[in-house]
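Here's what TrEMBL has on this protein:
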TRANSMEM  364-391  transmembrane segment
TRANSMEM  407-427  transmembrane segment
TRANSMEM  458-482  transmembrane segment
TRANSMEM  494-518  transmembrane segment
TRANSMEM  524-547  transmembrane segment
TRANSMEM  581-600  transmembrane segment
TRANSMEM  606-629  transmembrane segment
């Protein structure tokens with residue numbers, strides 16, 4: 001476990017080599033560029049906003065083209081394609097795409113224009129469909145809808161609110177106070193809410209006709225066509241066919257362009273890395289002929305980078321150790337087993353400059369506690385073998401996902417071991433299957449004991465594991481104090497608490513409270529009982545007097561000491577949190593046994609076998625999923641709240657190197 005030691009490196013080089021040097025640094029991905037150096041009369045920063053905007057726009061356009069292709073010509077992918085990671089290509093292959101960028105940009109623009117064309121045609125299609133729908137009530141009309149009549153007669157079409165028959169409509173018209181005798185209305189069609197009619201009248205009665213129509217809530221239809229409705233519908237249907245044909249032709253063209261999908265991905269990543277490069281260029285101090293780069297990088301990589309830069313370019317490189325005041329970035333380095341839990345640590349926070357990397361110790365307790373919570377050998381084996389196969393099948397998987405799966409793989413091993421110790425194999429599946437289908441009493445005995453049968457014993461062990469976990473956290477706190485040569489704090493804030501808490505525990509063990517939990521009474525010799533009292537009282541007095549040692553006022557000092565002693569309740573609360581180990585372990589086993597009992601209800605028959613298999617698979621899948629989630633959540637809680645609460649503050653700054661931050665491809669140096 002370690003926080004990699006960082007160095008500060010200053011590089012001064014010729015401006016003509018800037019492009020190649022920055023590309024090399026980006027490919028190496030080992031330097032975090034620092035920009036706190038101020039400008040002066042010689043060295044100034046260059047405004048690169050235009051270049052950044054240009055490359056980011058091209059990257060966005062390419063992303064848009066890829067999204068369009070995915071929508072219309074989906075890429076064939078397996079269910080686990082998201083685990084495949086980025087495709088590895090050589091740096092030569094990556095930068096070769098630059099020579100084709102004009103051609104690919106043209107294809108990208110074509111795809112975007114084709115999408116616009118498809119949208120326009122889809123919009124035209126929808127408009128035709130809406131118009132056809134609006135013309136449906138008028139299909140029986142045998143004259144154009146915009147026909148206005150003859151020299152002396154008027155004609156119009158419209159809609160009346162309400163559903164009428166011919167007789168109802170005549171009676172309605174005759175009931176009007178003023179209706180012209182020349183008014184004649186004919187029903188074309190009707191639905192539940194409206195009646196579609198034609199209106200004929202003498203033109204000299206137009207004013208009276210309009211008054212009568214207003215009384216009938218007459219309104220013009222939403223669409224008026226110049227042909228008879230059936231002809232207009234046919235015309236629009238033909239237009240829809242043309243739109244569909246055009247869309248199919250465009251999609252066929254897109255399908256040919258989809259062959260360049262991987263080129264689009266490479267050029268997209270190229271533009272994104274170029275934009276990132278110009279963001280860095282904007283941070284650099286530059287003179288007329290030179291430029292200056294400063295930043296942080298791991299000490300162990302300095303010599304290799306320095307040698308390569310000095311071999312290839314005319315550069316001046318200065319390496320220095322960061323000062324105590326500098327906010328140096330943090331990069332963790334751990335082995336595969338410990339490193340799998342780095343995500344848990346960093347999600348809480350990176351260690352600050354005064355702290356150690358707790359990943360290795362966290363990993364041990366994480367696997368240990370997770371296994372107790374799930375504690376079924378079969379579930380553990382399935383977790384292990386599933387994660388192992390996926391990791392082997394997809395070696396290029398992204399780092400974060402690979403670490404998470406590796407963490408669950410090791411959690412699976414821990415679960416398998418605890419399951420063997422507790423005798424859990426899909427609960428009591430072996431015993432149930434033997435009794436139900438083979439009429440034999442078989443089973444694999446627990447190597448240690450069965451928590452379901454001895455829950456109080458399990459509770460005591462869980463609390464013991466909790467004490468070890470919490471004391472380890474306190475011990476790490478003491479180690480960090482000694483590392484900082486703060487012996488007084490080590491004695492007052494760590495040793496005294498150890499003395500007080502151990503004494504308190506020793507006093508509790510011979511009591512009836514502990515006896516009721518353990519099922520047996522433990523009697524200490526007189527000297528040990530006296531020692532426990534001395535430790536408890538001595539530790540308590542020491543904390544009372546020394547916890548507030550920085551206060552000069554003696555009264556305030558005692559009050560601060562008393563307040564610190566109140567933390568005993570916090571320790572008790574933290575310790576009781578470890579009872580969740582028992583709760584989750586029992587939940588897994590009890591639910592598994594209930595599932596097995598339900599599955600065996602149909603007995604020894606063909607139907608019973610089928611029923612058993614179905615209930616067994618569904619039930620244990622659910623039980624494993626829900627308890628795996630519970631184990632994950634509660635193991636994290638025990639680390640974040642109880643364990644880290646004793647020593648770990650975090651607050652460090654993550655190391656973010658200047659690198660090729662690609663989305664689709666991973667560039668491998670030649």
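Using the three backbone atoms N, Cα and C, a Cβ is placed for every residue, glycine included.
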Check: Any chance the transmembrane segment (581-600) and the transmembrane segment (458-482) have 3 or more Cβ pairs under 8 A, given the pairs are 6 or more apart in sequence?
Finding: yes
Notebook entry, point to check: Who are the chain neighbours of the transmembrane segment (606-629) in space, where the CB to CB distance is under 8 Å and they lie at least 6 residues beyond its ends?
Noted result: 373-374, 376, 379, 382-383, 426, 429, 436-437, 584, 587-588, 591-592, 595-596, 598-600
Margin query: Using Cβ atoms and a strict cutoff of less than 8 Å, what residues sit near the transmembrane segment (494-518) while being 6 or more residues removed from its termini?
Written below: 456-457, 459-460, 467, 471, 474-475, 477-478, 481, 524, 528-529, 531-540, 542-543, 546, 568, 571
Next item on the list: Determine which residues of the chain contact the transmembrane segment (458-482) at the Cβ level, with the cut-off under 8 Å and only residues 6 or more beyond its ends counted.
Entry: 354-356, 358, 361, 365, 368-369, 372, 449, 451, 489-490, 493-495, 497-498, 501, 505, 517-518, 571, 574-579, 581-582, 585-586, 638, 642-648
